[in-house]
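Chemist: Structure provided below as structure tokens; questions to follow.
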Amino acid sequence: MSKAKSPIKSSKKSVNQPKSVLREKKVKDAEKAEHISLQGHVDNSDEEGQDKEFFPGFGSSDDDEEDSPNALVNTSRQIMDLGEDAEKTIKKKVSENKNLQKKKGVLYVGRLPHGFYEKQMRMYFSQFGPVLRLRMSRNRKTGSSKHYAFIEFESLDVANVVAETMHNYLLYGKLLQCKVIPEDQVHENMFKGADVPFKRIPHATIARLQHEKPLSKEKADKLITRHNRKLKLKKRKLKELGITLESDVSHPKAASPVASKKSSKKKNKKVLAAHK
């Protein structure tokens, strides 16, 4: 009988190669790895160069997410610059039209990105020309930006150049909407509160102080009378069910005064006086 072949395949024996051949292989592998890493570095630098061409003067940042209403973007000069070519073009346009119109120009700017607030806007748009007044619309309760603002320039020509240059300009992931407002549409209260730091109204503090304010005797009597009337109706209903309830509401005892700091008292008085 013939012997059955074992199911286990025999592994190929490794051929012993001379040391010189192994050294050459190692050198070739190292050169190949170095070439791949250099190629990847060149590709990355090309992508960065393209980004700079399309978006001059802006850097990419991962900190542009909305986290808190008071978060600010990087306002360094490198990020806020328009770029040499754009700045030359703008100055040329302004110099061509500077003798035409001397009246002021008002610009509407919409779709403002998160973190691009009054300080950043003044820094940015001052590159075009002197900014006289600037007001960004904010929520009265929270103080959050409504993402649009009004800017008054010294010259109407500058405002026209800004509207032409910056309309649909990509800024921190948002396309700016710029439009010159005609003089007859500029409202007298459009710049009310401009260049004044926004102060959030402390609604919680005001409500707490109003709640903790001691009641007058007349108001306390009124509250007790109303509560006793409701309690009387409840007693009648419980009596029909066979339950007797003996209780009444009277004037509470005067609470002992709690010692508080003078500074907090003064602060609370100022808060109440400012928002009456």
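Glycine is no exception: its Cβ is also placed from the backbone N, Cα and C atoms.
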Chemist: Between 137-164, 193-220, 249-276, I'd like to know which one Swiss-Prot lists as region 'Disordered'.
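Modeler: That would be 249-276, per the region 'Disordered' entry in Swiss-Prot.
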Chemist: Go ahead and report the DSSP secondary structure tallies for the domain 'RRM' (105-183): helix first, then strand, then coil.
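Modeler: Per-class counts: 20 helix, 32 strand, 27 coil.
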